[in-house]
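Scroll down for the structure; my scribbles are underneath it.
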Amino acid sequence: MVKAVCVINGDAKGTVFFEQETSEAPVKVTGEVLGLAKGLHGFHVHEFGDNTNGCMSSGPHFNPRNKEHGAPTDENRHLGDLGNIQAAGDSPTAVSITDSKITLFGADSIIGRTVVVHADADDLGKGGHELSKTTGNAGARIGCGVIGIAKI
């Protein structure tokens, strides 16, 4: 069992927890984010755990296999593509994701990388915009934090 935690700061704030029983098991992602406008917001793991220049230093989506951007259910997607979270607009936004592509184990572990919450909806690579296949055209980075190992 490996557990990790991410404290998100910026215009969006919150805490997100990651838990994986074994290297073969899916990762459970839970938590809540505050400060989001009503609607969908892109939710991704970015390549670097560097927030020295705010969320912009975190680099592109974590993509060690050089795939195009896609939906969490797509075979062809960045490892860091976790889709969208749905905000009601006036209350904390719950995060509840189970993903079988990200991992907390080995060379492709997301520990030490950055979670980024975006201002707009992720079009899941299907929007036809020039950014659809790289970022999901999800807009500005409004909150982020580095994923760290948590006490079990």
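Each Cβ is built from the backbone N, Cα and C atoms, and glycine gets one as well.
Just one of His46, His61 is listed by Swiss-Prot for the same Zn(2+) site as His69, His78, Asp81, and that one is His61. Relative to His69 (Zn(2+) binding site), the binding-site residues with Cα atoms inside 10 Å are His61, the candidates having been His44, His46, His61, His118. In this structure, of the binding-site residues His46, His69, the smallest number of CB atoms within 10 A of the CB marks His46. Sequence-distant contacts of His118 (Cu cation binding site), defined by Cβ-Cβ distance under 8 angstroms and a gap of at least six in the same chain, are His41, Gly42, Phe43, His44, Ala138, Gly139, Ala140, Arg141, Ile142.
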